[in-house]
Amino acid sequence: MATKHSSSLARFMIAPAVLLLLVWMIVPLSMTLWFSFQQYNPLNPIRDGFIGFSNYLLFFNNPAFIASIINTLAIVVSVLLITVIGGIFLALLLDQPMWGQGIVRILVISPFFVMPPVAALVWKNMIMHPGYGVFADIARFFGFQPIDWFAQYPLFSIILIVAWQWLPFATLILLTSLQSLDSEQREAAEMDGAGFVNRFIYLTLPHLARAITVVVLIQTIFLLAVYAEILVTTNGGPGYASTNLPFLVYQKALLEYKIGQASAGGIIAVILANIVAFFVMRAVGKNLDR
Amino acid sequence: MARKISNRHKTVATIAAWLVAFLIFFPILYTIITSFKSETEAIAGFNLIPSWTLESYSEVQSQYNYFKPFMNSVIISIGSTILALIVAVPAAWAMAFTPTKRTKDVLMWMLSTKMMPAVAVLFPIYLIFRDLGLLDSRVGITVMLMLINLPIVIWMLYTYFREIPVEILEAARMDGAGLWQEIWHVLTPMAVPGIASTMLLNIILAWNEAFWTIRLTTTNAAPLTAFISAFSSPQGLFWAKLSAASTLAIAPILIMGWFSQRQLVRGLTFGAVK
């Protein structure tokens, strides 16, 4: 069906998108790569030029770097654990027959549509504030001393907020997948006398495996890049207690003007993201072949 | 087929689900409630019944000129979505209807651009924007959001277009339809729902984008994400005002989101889960 004429037309139709994405990907990324080997401070007109891998060494020798990598991984792993396990339970619960299922669904997915600065500020001030937050009210009600969450447990607080934002996503995807489970298969298993636990382990979980993979991979991309939640709550502190890699790179670039080091950090972030991207592409690519 | 579900099972499930849903929704609910309190009420301890005053809403407008960032959000999210569709519809269309052996590679490559961490190109983009005079301009941030969402838009459209059966084209051709008639009368009506869903999801994503909007705008072009972030340095009592500003910022998108649950799954998983 595709004639010569239509295939050249097709190329013409795809060209703008490809060109835009090509420029968007290559130009800034090569600039970052170039800066990562340069001594460059925009406030200081004297440039020392090419300095090899010194920026990378400086970045690696900065105690903040190790902290930021650990924090980045802590955020990714904890939020994934909370959202996947919580999401499976929630999806199973929402899949049960009940009254008002539509409304329950709407309530559960809502946090996903809350913009990150609002989510972070609402949790910081309305829920976790040591003086006026709901947690403090509850603590006082039971006669405990309210906890200053963001000062004492900064990373945990951020993990809690981010998990709240992503739990709906995991739930929604797992629920969608759950609902495509063949009900005949389920009934057959039930008739064979498989209990709830057995059905879950041998039927439901294998069926969900693909959706779980997708949730883990896609969330990882976004969780590696958590930024606004840190900016408006702890600002990376106290010290570097809640600084992740993106936040450290932002601080180096726009607050300290250490462009070389920031760029080296950016390249490290790209490498990290690429490792994840490799697996995402494989998972998505498999689906494309079907 | 009908599984016998006892009423007891249903009652237990209902109570458990409503309880969990309430807990998850609570921060949003409490924000909405607090937005109708006065500032002194807002810090007077836990209370679910406000005095239904609108003073926080009017103060947010009079003190902070709330309407401006709100309109910026509207312009930027809708503008970037339309720009993305103009580029993406032809591309997705061509890949869906005249696929070649390279189509898959092109799609995968487009997806890979979405995975580049924003922070890695923060400074170059900052420099480019500064030199082109695009910092804190609505045009600049609109183009930026168009670029970062373009891969998702193309992917979503592609998965929708691919579901349009090609046989229907052949049938139209047998009836003597020309190319334009084909596109206008046969394909367009079938493609519109997919385009509409894509548009909806992309407006949500653009509205909530909170890295580039915060870093590339300051006052003039600042949308709600940047505006709300600046609320983090409190001067005096601001709980009720924060709640009012937050409620207005999330309400439109929350409602849109409720209508696009299915498309959300599809768009954000690049068609891997439907």
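Note that Cβ sites are derived from N, Cα and C of the backbone, with glycine treated the same way.
Here's what TrEMBL has on this protein:
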- A:69-280: domain 'ABC transmembrane type-1' (DOMAIN)
- A:12-37: transmembrane segment (TRANSMEM)
- A:64-94: transmembrane segment (TRANSMEM)
- A:106-123: transmembrane segment (TRANSMEM)
- A:153-176: transmembrane segment (TRANSMEM)
- A:208-228: transmembrane segment (TRANSMEM)
- A:264-284: transmembrane segment (TRANSMEM)
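Listed as Cβ neighbours of the transmembrane segment (A:153-176) (distance under 8 Å, sequence separation of 6 or more from its ends, same chain) are residues 71, 74-75, 78-79, 82-84, 86-88, 90-91, 94-95, 105, 108-112, 114, 116, 119-120, 123-124, 128, 147, 208, 211-212, 214-215, 219, 222-223, 226, 229-230, 233-234, 237-238, 241-242.
When each of the listed stretches A:12-37, A:208-228, A:264-284 is scored by C-beta pairs under 8 angstroms to the transmembrane segment (A:64-94), A:208-228 comes out highest. Only residues 6 or more beyond the boundaries of the transmembrane segment (A:264-284), in the same chain, are considered here, and those with a CB under 8 A from a CB of the stretch are 29, 32-33, 36, 55-56, 58-59, 65, 72, 213-214, 217-218, 220-221, 224, 245-246, 248-249, 252-253.
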